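Novice: Per Swiss-Prot, the features are:
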MOD_RES   THR86  phosphothreonine
TRANSMEM  18-38  transmembrane segment
TRANSMEM  62-82  transmembrane segment
TRANSMEM  87-107  transmembrane segment
TRANSMEM  116-136  transmembrane segment
TRANSMEM  159-179  transmembrane segment
TRANSMEM  187-207  transmembrane segment
TRANSMEM  311-331  transmembrane segment
TRANSMEM  348-368  transmembrane segment
TRANSMEM  392-412  transmembrane segment
TRANSMEM  435-455  transmembrane segment
TRANSMEM  470-490  transmembrane segment
TRANSMEM  516-536  transmembrane segment
Amino acid sequence: MADSTSLINKRTKGGWNAALFIIVVEIAERFAFYGLASNLITFLTNELGQSTATAAKNINTWIGVSCMFPILGAFLADSILGRFKTVLLTSFIYLLGIVMLPLSVTVVARRMREKVFFMALYVMAVGEGGHKPCVMTFAADQFGEANAEEKAAKTSFFNYWYMAIVLASSIAVLALIFIQERVSWSLGFSIIAGSVVIAIVIFLIGIPKYRKQVPVGSPFTRVAQVMVAALKKWRLSSTRHHYGLCYEEEDEHKLESTNSNQVYLLARTNQFRFLDKATIIDEIDHNKNRNPWRLCTVNQVEEVKLILRLIPIWISLIMFCATLTQLNTFFLKQGSMMDRTIGNHFTIPPAAFQSIVGVTILILIPLYDRVFVPMVRKITNHHSGITSLQRIGVGLFVATFNMVICGLVEAKRLKVARDHGLIDSPKEVVPMSSLWLLPQYILVGIGDVFTIVGMQELFYDQMPETMRSIGAAIFISVVGVGSFVSTGIISTVQTISKSHGEEWLVNNLNRAHLDYYYWIIASLNAVSLCFYLFIANHFLYKKLQDKDDDVESER
């Protein structure tokens with residue numbers, strides 16, 4: 001009776017009907033986030049009086065913290081609360097921070113404005129910690145692995161999920177920035193708060209349609225057990241026929257009997273062989289009941305191997321994420337000093353150029369999903385056309401090339417400023433059309449279509465089934481670390497250039513050398529790309545175990 005009820009629930013719940021509710025929620029939430037982040041440097045420099053470099057570092061630090069909290073949120077989701085409850089709880093925390101924003105520029109006294117504003121930002125960061133890693137995985141959970149149709153739909157889901165995020169950010173950039181700069185910051189922040197309220201209401205409406213995964217205990221404990229068990233048996237021979245396969249029968253029973261979660265057995269691999277010792281049954285294990293800190297199943301060991309394989313990939317993506325931070329910082333200040341007029345009366349706000357990234361992505365993702373993938377699939381026979389790692393690699397190359405272009409455009413802007421005697425006139429517009437910035441914004445969009453979506457898919461698909469919120473948190477955390485690295489690069493460049501008598505990143509960009517800074521980023525990206533290509537070439541993809549399999553892997 002319970003099995004038939006479970007089957008009916010799986011048929012009536014989940015799928016696109018459920019995922020669409022969560023996608024709409026993400027659109028509203030991302031509208032709020034990008035409505036704040038995309039023009040934050042303007043608020044910090046113009047309203048709070050911070051220098052360009054200080055504002056850039058503050059933004060990078062805030063984004064970095066926002067992207068590190070998800071590790072805690074993912075732990076709570078996978079081990080204690082479950083993804084649904086975590087998303088709901090942290091959405092209210094996020095709303096609290098958002099509500100504090102308009103209060104900081106209206107009710108709060110001017111001398112306290114900066115403190116309250118940054119308090120609001122970091123309360124938002126706490127809320128982001130639970131929302132970010134769980135909402136995407138919760139949406140992806142609505143597509144099962146056992147159903148072939150739903151499994152195929154999941155590949156398209158990641159494309160359209162990112163497309164929804166970009167749609168939200170584009171609307172925010174086009175609408176909110178004009179309100180913030182032309183009407184008032186308090187109205188702009190109030191609209192942001194309203195969008196979060198709408199997101200929570202929509203999320204609650206969709207409750208009857210959701211498939212909810214049950215938390216299975218601390219994933220970190222399972223990882224620690226494998227490490228400890230392998231260390232305890234480091235002297236033993238890891239001969240293949242000594243594996244403790246009897247414990248896999250327990251996992252198979254778990255797979256058949258669990259109604260809410262589906263746990264699949266992993267194929268054994270030859271990588272990280274030292275961990276295989278955790279599965280060996282020695283004399284102590286024969287004579288006593290199983291101690292999970294001495295004896296682990298093959299499946300548990302393979303789960304740890306999945307995580308270890310992703311660590312080098314994670315490291316190789318840090319510089320790409322450091323590059324992304326330029327979009328919300330120096331790109332804006334660069335555009336603010338160029339000719340942005342249309343006709344005689346209309347001037348484009350610098351932050352509005354970020355919508356070009358969104359438009360590029362909104363055009364490319366449907367083309368990628370409906371044209372590129374089917375065409376390439378005929379050649380590669382891969383269900384996604386190209387692998388996640390190949391997709392990421394293309395994006396990394398585009399990002400590296402883009403920073404070279406950024407440096408060239410900035411070098412030309414500086415030359416025009418010198419030719420017109422504007423070196424010491426930072427408030428004067430350099431007579432160079434802001435359309436010169438189009439290539440770098442378009443290339444950011446192209447790079448994101450390949451790398452960001454590829455990262456989301458890789459860190460979801462290659463994580464153990466019970467640790468997918470952790471996988472999303474790991475993906476988000478690399479963005480956070482990239483933001484911290486960007487802050488470190490800015491500080492290092494400031495220190496070194498100042499010691500040589502010519503500071504590269506001063507408030508007056510006509511006296512700065514933003515072009516040199518961009519080329520340093522390009523060089524670091526090139527090194528990172530080479531490291532990534534080496535790691536990706538030796539990466540083993542996850543493969544599920546067939547009944548008669550011994551050791552399987554897919555490169």
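Each residue, glycine too, has its Cβ placed from N, Cα and C.
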Novice: Across all the protein chains here, work out how many other Cβ atoms are within 10 Å of the Cβ of THR86 (phosphothreonine).
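Specialist: Its Cβ has 26 other Cβ atoms within 10 Å.
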Novice: Test the contact criterion for the transmembrane segment (392-412) and the transmembrane segment (87-107): 3 or more CB pairs under 8 Å, pairs 6 or more apart in sequence, then answer yes or no.
Specialist: no
Novice: Out of 18-38, 116-136, 187-207, 435-455, 470-490, which stretch has the largest tally of CB pairs under 8 angstroms to the transmembrane segment (311-331)?
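Specialist: Stretch with maximum Cβ contacts: 470-490.
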Novice: I need to check the long-range neighbours of the transmembrane segment (348-368): which residues 6 or more away from its ends have a CB within less than 8 Å of a CB in the stretch?
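Specialist: Same-chain contacts beyond the ends: 38-39, 42, 159-160, 162-163, 166-167, 169-170, 173-174, 177-178, 181, 327-328, 331-333, 335-336, 340-342, 434, 437-438, 441-442, 444-446, 448-449, 453.
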Novice: Any chance you could find the range in 18-38, 62-82, 116-136, 187-207, 435-455 with the most Cβ pairs under 8 Å to the transmembrane segment (470-490)?
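Specialist: It is 62-82 that shares the most Cβ pairs under 8 Å with the transmembrane segment (470-490).
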